[in-house]
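See structure below.
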Amino acid sequence: MLIIDGKKVSLDMKEELKASVESYRSITGKVPGLTVIIVGSDPASEVYVRNKAKTCKEVGMNSSVIELQEDTPEAHLLEVIDSLNRDPAVHGILVQQPLPKQIDEFAVTLAIDPAKDVDGFHPENLGRLVMGHLDKCFVSCTPYGILELIGRYGIETSGKHCVVIGRSNIVGKPMANLMMQKLKESNCTVTVCHSATKDIASYTRQADILIAAIGRAKFVTADMVKQGAVVIDVGINRIEDPTTKSGTRLVGDVDYEGVSAKAAAMTPVPGGVGPMTIAMLLKNTLHSFERANGL
(Lines of atoms letter the chains of each structure in order from A and count residues from 1; the text may use other names and numbers.)
(Lines give C-alpha, C1' and ligand atoms only; values in the text may rest on other atoms or scores of the structure.)
Protein backbone atom coordinates (compact mmCIF):
# COMPACT_ATOMS: atom_id res chain seq x y z
CA MET A 1 0.00 0.00 0.00
CA LEU A 2 1.16 3.51 -0.87
CA ILE A 3 1.29 5.85 2.13
CA ILE A 4 0.32 9.38 1.08
CA ASP A 5 2.75 11.37 3.19
CA GLY A 6 1.34 14.83 3.82
CA LYS A 7 4.15 15.72 6.20
CA LYS A 8 6.77 15.20 3.50
CA VAL A 9 4.77 17.08 0.86
CA SER A 10 4.17 20.00 3.23
CA LEU A 11 7.93 20.24 3.88
CA ASP A 12 8.59 20.22 0.13
CA MET A 13 6.00 22.96 -0.30
CA LYS A 14 7.61 25.07 2.42
CA GLU A 15 10.87 25.06 0.47
CA GLU A 16 9.02 26.00 -2.73
CA LEU A 17 7.14 28.80 -0.96
CA LYS A 18 10.35 30.07 0.62
CA ALA A 19 12.01 30.28 -2.81
CA SER A 20 9.01 32.13 -4.28
CA VAL A 21 8.87 34.62 -1.40
CA GLU A 22 12.60 35.36 -1.69
CA SER A 23 12.28 35.81 -5.46
CA TYR A 24 9.40 38.26 -5.05
CA ARG A 25 11.29 40.09 -2.30
CA SER A 26 14.19 40.68 -4.70
CA ILE A 27 11.82 41.88 -7.45
CA THR A 28 9.36 44.02 -5.47
CA GLY A 29 11.02 44.66 -2.13
CA LYS A 30 7.86 43.28 -0.51
CA VAL A 31 6.73 39.95 0.96
CA PRO A 32 3.30 38.41 1.60
CA GLY A 33 1.66 39.22 4.93
CA LEU A 34 -0.79 37.09 6.91
CA THR A 35 -2.73 38.38 9.92
CA VAL A 36 -4.55 36.02 12.27
CA ILE A 37 -7.20 37.30 14.68
CA ILE A 38 -7.96 35.25 17.77
CA VAL A 39 -10.83 36.16 20.10
CA GLY A 40 -10.71 34.79 23.62
CA SER A 41 -8.57 32.00 25.00
CA ASP A 42 -8.80 28.54 23.46
CA PRO A 43 -5.70 26.34 24.02
CA ALA A 44 -6.11 24.36 20.78
CA SER A 45 -6.58 27.55 18.76
CA GLU A 46 -3.55 29.14 20.37
CA VAL A 47 -1.35 26.18 19.41
CA TYR A 48 -2.66 26.28 15.84
CA VAL A 49 -2.07 30.04 15.59
CA ARG A 50 1.50 29.66 16.90
CA ASN A 51 2.15 26.99 14.27
CA LYS A 52 0.86 29.29 11.53
CA ALA A 53 3.09 32.15 12.70
CA LYS A 54 6.11 29.84 12.95
CA THR A 55 5.60 28.46 9.44
CA CYS A 56 5.13 31.97 8.02
CA LYS A 57 8.46 33.01 9.49
CA GLU A 58 10.17 29.90 8.11
CA VAL A 59 9.14 30.74 4.53
CA GLY A 60 9.94 34.44 4.88
CA MET A 61 6.40 35.82 5.06
CA ASN A 62 5.29 38.51 7.47
CA SER A 63 2.95 37.24 10.15
CA SER A 64 1.04 39.03 12.88
CA VAL A 65 -1.46 37.90 15.50
CA ILE A 66 -4.17 40.17 16.90
CA GLU A 67 -5.45 38.89 20.24
CA LEU A 68 -8.83 40.18 21.42
CA GLN A 69 -10.60 39.60 24.73
CA GLU A 70 -13.31 36.96 25.08
CA ASP A 71 -15.97 39.66 25.62
CA THR A 72 -15.00 41.67 22.51
CA PRO A 73 -18.16 43.08 20.85
CA GLU A 74 -18.83 41.95 17.29
CA ALA A 75 -18.75 45.58 16.10
CA HIS A 76 -15.17 46.00 17.31
CA LEU A 77 -14.04 42.80 15.59
CA LEU A 78 -15.62 44.02 12.33
CA GLU A 79 -13.74 47.33 12.69
CA VAL A 80 -10.45 45.44 13.08
CA ILE A 81 -11.22 43.39 9.97
CA ASP A 82 -12.09 46.54 8.01
CA SER A 83 -8.73 48.11 8.88
CA LEU A 84 -6.93 44.96 7.71
CA ASN A 85 -8.96 44.93 4.48
CA ARG A 86 -7.56 48.41 3.75
CA ASP A 87 -3.95 47.59 4.73
CA PRO A 88 -1.87 46.93 1.58
CA ALA A 89 0.76 45.04 3.60
CA VAL A 90 -1.84 42.42 4.62
CA HIS A 91 -2.62 39.83 1.94
CA GLY A 92 -4.35 37.21 4.06
CA ILE A 93 -6.83 37.62 6.92
CA LEU A 94 -7.85 34.69 9.07
CA VAL A 95 -10.22 34.80 12.03
CA GLN A 96 -9.58 31.76 14.20
CA GLN A 97 -12.61 29.63 15.05
CA PRO A 98 -14.42 29.06 17.34
CA LEU A 99 -15.70 32.53 18.18
CA PRO A 100 -17.49 33.58 21.40
CA LYS A 101 -21.29 33.34 21.37
CA GLN A 102 -21.85 37.11 21.05
CA ILE A 103 -20.17 37.13 17.63
CA ASP A 104 -21.96 36.00 14.45
CA GLU A 105 -19.46 33.84 12.53
CA PHE A 106 -21.21 34.44 9.20
CA ALA A 107 -21.11 38.22 9.67
CA VAL A 108 -17.37 37.93 10.30
CA THR A 109 -16.90 35.80 7.19
CA LEU A 110 -18.79 38.36 5.09
CA ALA A 111 -16.68 41.21 6.49
CA ILE A 112 -13.39 39.82 5.17
CA ASP A 113 -12.40 41.10 1.72
CA PRO A 114 -12.79 38.06 -0.61
CA ALA A 115 -9.40 38.98 -2.10
CA LYS A 116 -7.83 38.40 1.34
CA ASP A 117 -10.04 35.47 2.42
CA VAL A 118 -7.22 32.92 2.38
CA ASP A 119 -9.37 30.46 4.36
CA GLY A 120 -11.73 30.29 1.36
CA PHE A 121 -14.91 30.67 3.43
CA HIS A 122 -16.42 33.83 1.90
CA PRO A 123 -19.57 33.14 -0.19
CA GLU A 124 -17.94 34.86 -3.18
CA ASN A 125 -15.02 32.43 -3.10
CA LEU A 126 -17.34 29.46 -2.58
CA GLY A 127 -19.50 30.63 -5.48
CA ARG A 128 -16.50 30.93 -7.78
CA LEU A 129 -15.46 27.41 -6.76
CA VAL A 130 -18.89 26.01 -7.64
CA MET A 131 -18.79 27.82 -11.00
CA GLY A 132 -15.32 26.47 -11.73
CA HIS A 133 -13.45 29.80 -11.62
CA LEU A 134 -10.62 28.35 -9.55
CA ASP A 135 -8.07 30.83 -10.87
CA LYS A 136 -10.14 33.67 -9.39
CA CYS A 137 -10.94 32.34 -5.94
CA PHE A 138 -9.45 30.89 -2.79
CA VAL A 139 -10.28 27.29 -1.94
CA SER A 140 -10.71 26.10 1.64
CA CYS A 141 -7.29 24.91 2.80
CA THR A 142 -8.01 21.30 3.78
CA PRO A 143 -9.78 20.32 0.51
CA TYR A 144 -7.13 22.27 -1.41
CA GLY A 145 -4.43 20.30 0.43
CA ILE A 146 -6.09 17.00 -0.46
CA LEU A 147 -6.15 18.02 -4.12
CA GLU A 148 -2.45 18.88 -3.87
CA LEU A 149 -1.68 15.43 -2.43
CA ILE A 150 -3.67 13.73 -5.19
CA GLY A 151 -1.75 15.68 -7.82
CA ARG A 152 1.71 15.15 -6.34
CA TYR A 153 1.17 11.41 -5.93
CA GLY A 154 -0.17 11.08 -9.48
CA ILE A 155 -3.40 9.39 -8.38
CA GLU A 156 -5.71 8.76 -11.32
CA THR A 157 -9.06 10.46 -10.75
CA SER A 158 -10.76 11.26 -14.06
CA GLY A 159 -14.03 9.36 -14.38
CA LYS A 160 -13.53 7.66 -11.01
CA HIS A 161 -16.22 7.47 -8.36
CA CYS A 162 -15.35 9.69 -5.40
CA VAL A 163 -17.39 9.33 -2.21
CA VAL A 164 -17.14 12.12 0.37
CA ILE A 165 -18.40 11.37 3.87
CA GLY A 166 -19.34 14.68 5.49
CA ARG A 167 -21.04 17.87 4.33
CA SER A 168 -19.41 20.62 6.41
CA ASN A 169 -18.79 24.02 4.88
CA ILE A 170 -15.10 23.69 5.74
CA VAL A 171 -14.36 20.29 4.18
CA GLY A 172 -17.26 18.21 2.84
CA LYS A 173 -19.03 20.68 0.55
CA PRO A 174 -15.92 22.31 -0.98
CA MET A 175 -14.27 18.89 -1.31
CA ALA A 176 -17.20 17.49 -3.27
CA ASN A 177 -17.21 20.54 -5.53
CA LEU A 178 -13.47 20.31 -6.12
CA MET A 179 -13.62 16.64 -7.04
CA MET A 180 -16.19 17.26 -9.79
CA GLN A 181 -14.19 20.08 -11.42
CA LYS A 182 -12.52 19.52 -14.79
CA LEU A 183 -9.02 19.26 -13.34
CA LYS A 184 -6.34 16.61 -13.77
CA GLU A 185 -6.56 15.98 -10.00
CA SER A 186 -10.34 15.53 -10.02
CA ASN A 187 -13.01 15.22 -12.78
CA CYS A 188 -14.78 12.54 -10.74
CA THR A 189 -18.32 11.32 -10.37
CA VAL A 190 -19.09 12.46 -6.82
CA THR A 191 -21.38 11.11 -4.11
CA VAL A 192 -21.79 12.88 -0.76
CA CYS A 193 -22.83 10.89 2.32
CA HIS A 194 -23.81 12.41 5.67
CA SER A 195 -25.57 11.74 8.96
CA ALA A 196 -28.95 11.15 7.28
CA THR A 197 -27.61 8.77 4.61
CA LYS A 198 -29.14 5.30 4.88
CA ASP A 199 -26.66 2.42 4.69
CA ILE A 200 -23.51 4.49 4.14
CA ALA A 201 -21.47 1.34 3.54
CA SER A 202 -23.43 0.61 0.35
CA TYR A 203 -22.02 3.86 -1.06
CA THR A 204 -18.51 3.71 0.37
CA ARG A 205 -17.98 0.23 -1.10
CA GLN A 206 -18.44 1.75 -4.56
CA ALA A 207 -15.76 4.39 -4.02
CA ASP A 208 -12.59 4.42 -6.08
CA ILE A 209 -11.61 7.42 -3.95
CA LEU A 210 -13.03 7.65 -0.43
CA ILE A 211 -12.68 10.88 1.56
CA ALA A 212 -13.76 10.67 5.21
CA ALA A 213 -14.44 13.96 7.02
CA ILE A 214 -16.99 13.39 9.77
CA GLY A 215 -15.07 13.59 13.05
CA ARG A 216 -15.91 10.09 14.28
CA ALA A 217 -12.98 7.95 15.36
CA LYS A 218 -12.38 4.85 13.20
CA PHE A 219 -15.84 5.15 11.64
CA VAL A 220 -14.75 3.67 8.30
CA THR A 221 -13.87 0.00 8.68
CA ALA A 222 -12.39 -2.50 6.24
CA ASP A 223 -15.77 -3.96 5.28
CA MET A 224 -16.85 -0.49 4.07
CA VAL A 225 -14.00 -0.15 1.56
CA LYS A 226 -13.48 -1.87 -1.76
CA GLN A 227 -10.20 -3.52 -2.66
CA GLY A 228 -7.75 -1.09 -4.26
CA ALA A 229 -9.48 2.13 -3.20
CA VAL A 230 -7.64 5.36 -2.44
CA VAL A 231 -8.60 6.45 1.08
CA ILE A 232 -8.15 10.02 2.33
CA ASP A 233 -8.67 10.42 6.08
CA VAL A 234 -9.43 14.00 7.17
CA GLY A 235 -10.42 13.14 10.73
CA ILE A 236 -8.42 14.08 13.82
CA ASN A 237 -9.86 12.39 16.90
CA ARG A 238 -8.30 11.82 20.31
CA ILE A 239 -9.09 8.48 21.93
CA GLU A 240 -8.04 6.87 25.20
CA ASP A 241 -4.88 4.76 25.08
CA PRO A 242 -3.40 3.68 28.43
CA THR A 243 -0.18 2.54 26.69
CA THR A 244 0.82 6.14 25.90
CA LYS A 245 2.32 8.67 28.31
CA SER A 246 -0.60 11.07 27.86
CA GLY A 247 -3.18 8.31 28.08
CA THR A 248 -4.56 9.26 24.67
CA ARG A 249 -3.60 9.09 21.00
CA LEU A 250 -4.72 10.61 17.72
CA VAL A 251 -6.67 8.56 15.20
CA GLY A 252 -8.59 9.42 12.06
CA ASP A 253 -12.11 8.73 10.86
CA VAL A 254 -10.77 5.54 9.26
CA ASP A 255 -9.64 2.35 11.00
CA TYR A 256 -6.10 2.51 9.62
CA GLU A 257 -5.02 -1.00 10.60
CA GLY A 258 -7.99 -2.70 8.98
CA VAL A 259 -8.46 -0.50 5.92
CA SER A 260 -4.75 -0.35 5.02
CA ALA A 261 -4.92 -4.06 4.16
CA LYS A 262 -7.41 -3.28 1.35
CA ALA A 263 -6.52 0.23 0.18
CA ALA A 264 -4.14 0.91 -2.70
CA ALA A 265 -3.16 4.24 -1.14
CA MET A 266 -4.03 5.95 2.11
CA THR A 267 -3.24 8.98 4.26
CA PRO A 268 -2.12 8.28 7.84
CA VAL A 269 -3.27 10.16 10.95
CA PRO A 270 -1.26 12.03 12.07
CA GLY A 271 0.98 13.04 9.17
CA GLY A 272 -1.47 12.87 6.28
CA VAL A 273 -3.95 15.62 5.53
CA GLY A 274 -3.24 17.68 8.68
CA PRO A 275 0.18 19.13 7.73
CA MET A 276 -1.20 20.21 4.35
CA THR A 277 -3.72 22.67 5.81
CA ILE A 278 -1.16 25.27 6.93
CA ALA A 279 0.90 24.73 3.76
CA MET A 280 -2.14 25.57 1.62
CA LEU A 281 -2.99 28.57 3.79
CA LEU A 282 0.44 29.99 2.97
CA LYS A 283 0.04 29.09 -0.69
CA ASN A 284 -3.25 31.01 -0.74
CA THR A 285 -1.53 33.96 0.95
CA LEU A 286 1.19 33.88 -1.71
CA HIS A 287 -1.47 33.87 -4.45
CA SER A 288 -3.16 36.88 -2.83
CA PHE A 289 0.18 38.71 -2.81
CA GLU A 290 0.73 37.83 -6.48
CA ARG A 291 -2.70 39.14 -7.48
CA ALA A 292 -2.28 42.33 -5.45
CA ASN A 293 1.05 43.04 -7.14
CA GLY A 294 0.17 41.90 -10.66
CA LEU A 295 2.70 39.06 -10.55
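Every residue gets a Cβ built from N, Cα and C, even glycine.
The feature NADP(+) binding site is assigned by Swiss-Prot to Gly166, Arg167, Ser168, Ser195, Ile236, with sequence analysis given as support. DSSP assigns Arg167 (NADP(+) binding site) to coil in the three-state reduction, outside any helix or strand.
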Checklist outcome for this item: Same chain, |i - j| six or more, Cβ under 8 Å of Gly166 (NADP(+) binding site); the result in sequence order is Gly172, Met175, Val192, Cys193, His194, Ile211, Ala212, Ala213, Ile214, Gly215, Val234
Checklist entry - What is the total of other Cβ atoms whose distance to the Cβ of Arg167 (NADP(+) binding site) is within 10 Å? => result 18
Checklist outcome for this item: Cβ-Cβ distance under 8 Å, sequence separation of 6 or more, same chain as Ser168 (NADP(+) binding site); the residues meeting this, in order, are Ala213
